[in-house]
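Data block below; observations after.
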Amino acid sequence: MFEVGENADGILAGVLFLIWLSAAILATRLAWRPTPEALRKSARRLLRLLVAALVVLVVKCVAIGLMLAVDWIFADNRVIVQMPLLLLPMLAVAVWTVPGLRALANRDDAPVDVETRSAAANPRFVVPVQVTAVATVVGVYFAYVSRPVPSYLDDIATHAAPILLSVLVLWFWQGRRLRVVTATDFARRGRRASALRATAQAAVVVLVVAAGITYVAQSSRLPDRMTMTSHDNVDYGGGPSIGHGGHGGISVDDLRGPQTGKPNKAFTLTAKNATVRLSSGAEIKALTYNGQSPGPELRVREGDLVEVTLHNEIPDENVTIHWHGLDVPNGEDGVAGATQNAVEPGGSFTYRFLAEQVGTFWYHTHQNPLEAIRRGLFGALIVEPRDGPPPGERDFVVQAHEWRTPDDNIVSFGTSDTLQRQEVAPGTPVRLRLINTDNNPSTDSRPRALTVNGTPVRVAAIDGVDVNGPTPLTNPRFGLATGGRYDVTFTMPAGPVRLTDLANRDGGLVLAPPADASTPKIVDDGDHFDPLSYGSGGSRPFDAGSSYDRSFTQLLDDRLSFYNGGLHLVPIINGHSFPDTPTLMVRMDDLVKVRIVNRSHQNHPMHLHGHHALVLSRNGVRATGSPWWIDSLDVIPGEIYEIGFKADNPGLWMDHCHNLDHAANGMVMHLAYEGVTSPYELGRGTPNQPE
Ligand code: C2O
Ligand code: CU
């Protein structure tokens, strides 16, 4: 409903503009109509336009109503900023223009005299229509470019200013025209619009607009060097103000994992160029860890001290490793320009951390990730329980990815873009570890949809946290947020089971009993799996009713504007793109609530580093069932999520959209703990491009 309202509202802004533009032109020319007939006709046409405008306005109110019906916050900016600026000039039209216009429309055939002409050229009669046309231009700007956020005072000023200015200018201009109309020699004054003058005027307008656009594009370029927190847009979430550094400050470099002790598991990952061959034979010029993509599966046990040494042998690309979903100490988080310098060609970096969470995670570079993850710098990270996996369990790691070749997008599981078969004996406990390693959710306003056919399944874990009391699901559709993971379990039945990514129906994974060559049919009309009410039991350390030390609101909008020199549909958080997005400031041990409101046209899989957050509610409906802990949460247009987390992992943490196109266009913010600073910089002039 939000999307319908939002889309309609945008289109109607354009329609209103066209109607009022025509009305303004008609009104401006009315006094120049030569014959009584022409004057009457124009007046009537103008009246009809005004009626049409009224109808469109009513439809617009309905569209806004649709958004308000979801929640006040989806259209409060229209009610507060936009509508008054549209309604006031329209009211002036009703009061000052319409009565005179009706008189003109019903005029008899008497010749058009000075009196009539001066009535039709009177500023009080014409200017309201012209100003309303200006207001609709501001309305179009509102709908596509400016996305006002609270407190709205600035926004009211910036939107009202051009309208007020236009009143002055048009009143003055129309006053001059009035004198022309009433001059005694009016009949002899023809239109002296010379073609040359018109061309010159047009050229000046084009030049000014072009210069303006160039200036805006240039000034949107990001600085060559900046730090994650080099702006002063900070948000304390209603809690006490706190600072980044200062006395007693601590650097992210001091927040490393255990530096001593013999690791239980040590891995070496060497980033290098390699050609990866998919099961269909397609070849990908990939960026890899150890020459393979997905990179080597890192499988460790709960409590292990893990050491990973990264070497970079890619000649023209810096790399890092970020442990997506594993809440490691901040200095091990692998974010170029925040927690380390990206590893340059020939360089190395060693990560050390304790594997304290059990479940399915993944790792990927956090340097130029849009390109580099897509091209292969990622792999699975599995933490098994301390006492080992359930006896007899077979687990299959499935990395849903989309490879790009010069002429194709290839949807696959790891390197399998064709149907794969595995033998599994009936009665075997099976765990499918589904990981969405792709940049982008699927297109149907849902994240990537995977389905399992052939047997009912349970979702045993989400984002590396076990689900309590999972119930069986038949032919479910799993919308997996970008970066998100579901562990799906079942006991192998007597027949085959099929896992499919609905974006590639010729691919997938079939698990079948020995000597069974059959393949289950894809059933794609199952219910979307919804974790909000799934499972039962388990305890919540806090919920929607708890009292929070800090409460933040993230308003996700998008607007047509320049970012870093290019024109994009730029996703914004609270009216800003990185680096101007507000930093969420917290103190150790704060209980924090974040309300995420998606007012944009696209899904935003939001990912907070270093923490797992508990989903409290969605669109006002409290989460029930098993506690739903997330590190990656897909928020679709029109949704409001409330999540809560305990600030228990000090550092400077990224909080960004994992649709990496969006992140690259500035949909990035940070969670900063009091007193934590980073010595690292990012930007063109540094080795670090974390997005
Ligand atoms: Cu999967 Cu900021 O990352
Ligand atoms: Cu996004």
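Each Cβ is built from the backbone N, Cα and C atoms, and glycine gets one as well.
TrEMBL has this to say about the protein:
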- 12-28: transmembrane segment (TRANSMEM)
- 49-74: transmembrane segment (TRANSMEM)
- 86-105: transmembrane segment (TRANSMEM)
- 125-144: transmembrane segment (TRANSMEM)
- 156-173: transmembrane segment (TRANSMEM)
- 194-217: transmembrane segment (TRANSMEM)
- 272-387: domain 'Plastocyanin-like' (DOMAIN)
- 573-672: domain 'Plastocyanin-like' (DOMAIN)
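Beyond its flanks by at least six residues, the transmembrane segment (194-217) meets 562, 565-567 of its own chain at Cβ-Cβ distances under 8 Å. Residue counts for the domain 'Plastocyanin-like' (272-387) by DSSP state, with H, G and I taken as helix and E and B as strand, are 9 helix, 56 strand, 51 coil. In terms of DSSP helix, strand and coil, the domain 'Plastocyanin-like' (573-672) has 5 helix, 51 strand, 44 coil. Sequence-distant contacts of the transmembrane segment (86-105), counting only residues of its own chain at least 6 positions beyond either end whose CB sits under 8 Å from a CB of the stretch, comprise 16, 27, 30, 39-40, 43-44, 46-47, 50, 53, 57, 116, 119-120, 122, 124-126, 128-129, 131-132, 134-136, 139, 163. The average pLDDT for the domain 'Plastocyanin-like' (573-672) in the predicted structure is 94.
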